[in-house]
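A.B. asks: From Swiss-Prot, for reference:
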{"type": "DOMAIN", "residues": "1-191", "note": "domain 'Glutamine amidotransferase type-1'"}
{"type": "ACT_SITE", "residues": "79", "note": "active site"}
{"type": "ACT_SITE", "residues": "172", "note": "active site"}
{"type": "ACT_SITE", "residues": "174", "note": "active site"}
């Protein structure tokens, strides 16, 4: 079973639908309706932290769940969930250089983890005004995807823990305008 923590976002059920289409059994719980002990009782095999309209500080159980379950089960953070993953390990969340609400971007990636077998560059849909500050990302993470500005690396679009099954993507793979979203999510399920 995959537990999807809903950070009160309209895209949560798009993620739910994509994971169900990939054959996953998915349980959705709001970020303020469960405690860590509730998650333990549910005994998920995967944990996904959804997008949301706030910062990780207002994302209910999200950061605490990442800290508690890191190394115990695979975790994927999407948009706000990606930011929560970084913040849980000490990275700072800051304002993005440009607000990206409903805009597509061609991003670059390393072809590892959730990006395994995906096109590079990859067109993705972005809905965010915050990002992880690159120089605060701890060494235990590698940047696996990034946007570019004038041919130079710009903002972090994907991270992966070097030792634990933890990954984050700043964009929305579940958006209809994102390329290969199903494959990215399938890569998470079948690591």
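Including glycine, each Cβ sits where the backbone N, Cα and C put it.
Values in this document were obtained by computation on a predicted structure and should not be read as measured data.
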A.B. asks: According to DSSP, which of helix, strand or coil covers residue 79 (active site)?
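C.D. replies: Assignment for residue 79 (active site) reads coil.
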A.B. asks: Could you tell me the C-alpha distance between residue 174 (active site) and residue 79 (active site) in angstrom, no decimals?
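C.D. replies: On Cα coordinates alone, these residues lie 11 Å apart.
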A.B. asks: Between residue 172 (active site) and residue 79 (active site), what is the CA-CA distance rounded to a whole number of Å?
C.D. replies: 7
A.B. asks: State the count of C-beta atoms found within 10 angstroms of the C-beta of residue 79 (active site), not counting that atom itself.
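C.D. replies: There are 25 of them.
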A.B. asks: Determine the Cβ neighbour count for residue 172 (active site): the number of other Cβ atoms within 10 Å of its Cβ.
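C.D. replies: Neighbour count, Cβ to Cβ under the 10 Å cut-off: 23.
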A.B. asks: Where does residue 174 (active site) sit in the DSSP three-state scheme?
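C.D. replies: For residue 174 (active site) - judged by DSSP and reduced to three states - the answer is coil.
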